[in-house]
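Chemist: Sharing a structure, written as structure tokens. Questions coming.
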Amino acid sequence: FNPCPYSDDTVKMIILTRENKKHDFYTLDTIKKHNEFKKSTIKHQVVFITHGFTSSADTENFLAMAKALSDKGNYLVILIDWRVAACTEEMSGIQLAYYSYAASNTRLVGNYIATVTKMLVQKYNVPMANIRLIGHSLGAHTSGFAGKKVQELGLGKYSEIIGLDPAGPSFKSNDCSERICKTDAHYVQIIHTSNHLGTLVTLGTVDFMNNGYNQPGCGLPLIGETCSHTRAVKYFTECIKHECCLIGVPQSKKPQPVSKCTRNECVCVGLNAKTYPKTGSFYVPVESKAPYCNNKGKII
């Protein structure tokens, strides 16, 4: 009995660029019908976005992130929709009981992303340095598994994987080979926003602890857990739109205010985090309302 079975046929992709914002779904077979995939070379930087448990690629938060990316840097954004294997189509009352099935599908979805990556590299001449993955919750571990698989296939490493509140249950006590891990890409950026659905275990090159684990504006701990878990997606979207929106202070320097930050000791959450010299764990104060920024206009 597997209520949320995985098969390549049930995974779909939405492909967005600045010129083409249609939310059409493609498969490995039909992807060649998309204008970008009719070309012999894809010159865009490519970003994969992968959702988590009981979610889908066409939810408002992920489409907003994709739009921010294509507006900002004319990225080619591939949203991976694995809703069947993520138990999204099951009845809401019993979905939670099926979590372990979705969790065990993450490696298979990761392998799928690696297959698409191989096609991008070998058929469309996209260098691995031009590809990053962003994943939320179970999608963060999926992205990690994709990072392991492309190395296994001899393609090298992705430039970056960004894990947005990686799922804690079934993963937080796993060793590196069974979860997202800092060796899965050249740079692995983790944004932690919850303690039960997510985890406060450090997993990446940099780990940002946003306000600890209970996000402002999300209500009481536990009751606001889903809101806190989802905030990671919203925070990162704002960090794409606003440079240095969220600045991380080294955990060892907490409670040093963000205003005292320099480029050599603090790190800005976002697409440019990897250009900062410091690695490790960072504390990130956040505001309770969008755009959540803590930098008061400061850029380091």
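Cβ atoms here come from the backbone N, Cα and C positions, even for glycine.
When I checked Swiss-Prot for this same protein, it listed these features:
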- Ser137: active site, nucleophile (ACT_SITE)
- Asp165: active site, charge relay system (ACT_SITE)
- His229: active site, charge relay system (ACT_SITE)
- Cys4-Cys87: disulfide bond (DISULFID)
- Cys176-Cys181: disulfide bond (DISULFID)
- Cys218-Cys227: disulfide bond (DISULFID)
- Cys244-Cys268: disulfide bond (DISULFID)
- Cys245-Cys293: disulfide bond (DISULFID)
- Cys261-Cys266: disulfide bond (DISULFID)
Chemist: Taking the Cβ of Cys268 (disulfide bond) as the centre, how many other Cβ atoms fall within a 10 Å radius?
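Modeler: Within a 10 Å radius of the Cβ of Cys268 (disulfide bond) lie 26 other Cβ atoms.
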Chemist: Measuring C-alpha to C-alpha, could you say which of the recorded positions Ser137, Cys181, His229, Cys268 are within 10 Å of Asp165 (active site, charge relay system)?
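Modeler: Near Asp165 (active site, charge relay system), where near means Cα within 10 Å, the recorded positions are Ser137, His229.
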Chemist: If you measure from the Cα of Cys227 (disulfide bond), which of the disulfide-bonded residues Cys4, Cys176, Cys261 is the nearest?
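Modeler: That would be Cys4, the closest of Cys4, Cys176, Cys261 to Cys227 (disulfide bond).
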Chemist: How many other Cβ atoms are found within 10 Å of the Cβ atom of Cys245 (disulfide bond), counting all protein chains shown?
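Modeler: Other Cβ atoms found within 10 Å: 23.
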Chemist: Give me the Cα-Cα distance between Cys87 (disulfide bond) and Cys266 (disulfide bond), rounded to a whole Å.
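Modeler: The separation of the Cα atoms works out to 39 Å.
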Chemist: Could you state the CA-to-CA distance between Cys293 (disulfide bond) and Cys218 (disulfide bond) to the nearest Å?
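Modeler: Cα-Cα, rounded: 16 Å.
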Chemist: What is the nearest of the recorded positions Cys4, Cys218, His229 to Cys181 (disulfide bond), using the Cα of each?
Modeler: His229
Chemist: Could you measure between Cys4 (disulfide bond) and Cys245 (disulfide bond) for me? Cα positions, answer in whole angstrom.
Modeler: 38
Chemist: I'd like to know which of these disulfide-bonded residues, Cys176, Cys244, Cys261, is least surrounded, judged by other CB atoms within 10 A.
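Modeler: Fewest other Cβ atoms within 10 Å, among the disulfide-bonded residues Cys176, Cys244, Cys261, is found for Cys176.
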Chemist: Please report the Cα separation of Cys176 (disulfide bond) and His229 (active site, charge relay system) in Å, rounded to an integer.
Modeler: 22
Chemist: Among the disulfide-bonded residues listed here, Cys87, Cys181, Cys218, which has the most company in the form of other Cβ atoms within 10 Å of its Cβ?
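Modeler: In terms of Cβ crowding, the pick is Cys87.
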Chemist: I need the least crowded one of these disulfide-bonded residues (Cys4, Cys227, Cys266, Cys293), counting other C-beta atoms within 10 angstroms of each C-beta.
Modeler: Cys227
Chemist: Tell me the Cα distance separating Cys245 (disulfide bond) from Cys268 (disulfide bond), rounded to the nearest angstrom.
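Modeler: That comes out at 7 Å between the alpha carbons.
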Chemist: Neighbour count, 10 Å Cβ-Cβ cut-off, for His229 (active site, charge relay system): what number do you get?
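Modeler: I count 26 other Cβ atoms within 10 Å of it.
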